[in-house]
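Working notes for the structure below.
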Amino acid sequence: MTADYAALKVQQLSLAADVVGEGLSRDFSPGFIAGGDVGFEQQGTIARGVIVVLRWPGLEIVEHRIARVPVTLPYIPGFLSFRECPALLAAWQQLTHRPDLLLIDGQGIAHPRGLGVASHIGVLTDVPTIGIAKNRLCGEYSPLEEGAGACQPLYCHHQQAGWVLRSKIRCNPLFISIGHRVSVDMALFWTQQCLRGYRLPEPTRLADGIASRRKGFQRWLNVQ
DNA sequence: GCGACAG
DNA sequence: ATCTTGTCGC
């Protein structure tokens, strides 16, 4: 189960070169927006990939898929995508609806080598993606105000990768970044458009709830 | 050498 | 991520 991290770094740099940091015109009108996240079971030996497809603009769930695949790598900061992409990809290939935008729980290009899980899955599927992380991996930003909506640009390698947004008052901020085929401004705009009173935007909140088997989400665990 | 470090 | 109940604060 040991991995050649030097080789994985080379692979990340190659995939990162394919990331497109622009996209989603001002008149972009999605039919479906999806959320993706990964949970673990069986002592962490099985990855549970979850993708939930919502209809825009109501954000009603129209489909959800769960894929379980064996874990091949341990968790190492900076190499998360190699651990989670297989499960996300398996769930993605089961979808009958084609999302126009995918929000992923994790970093986009706000990553040491510009390839967080959101960017990685974005390049593999060639679909617009946005990284919605609950914690910082890298990058600098100025202190945020207390109120909901407070926002500051997140800089990585002297350039803006995304934003740090306090989506809800009295909650820790979200670390939003370009995943693939979206600009920093559209990444923030669509994340805000998907907020519904919770800290996490609906697509990611639902995928996270199902992937982590939180109370109130078991309903979606069996019925497929 | 020391600290940081998504999920 | 996961193991886990109550509890403090708004």
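Going from the start of the chain as shown, residues are counted 1 onward.
Placed from the backbone N, Cα and C atoms, the Cβ positions cover glycine too.
Annotated features in TrEMBL:
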BINDING   A:D37, A:D105  Mg(2+) binding site
SITE      A:Y75  site 'Interaction with target DNA'
**Message:** Would you identify which of the binding-site residues A:D37, A:D105 has the most other C-beta atoms lying within 10 angstroms of its C-beta?
**Reply:** A:D37
**Fill in**
Within the same chain, the residues at least 6 apart in sequence whose Cβ is under 8 angstroms from that of A:Y75 (site 'Interaction with target DNA') are A:R83
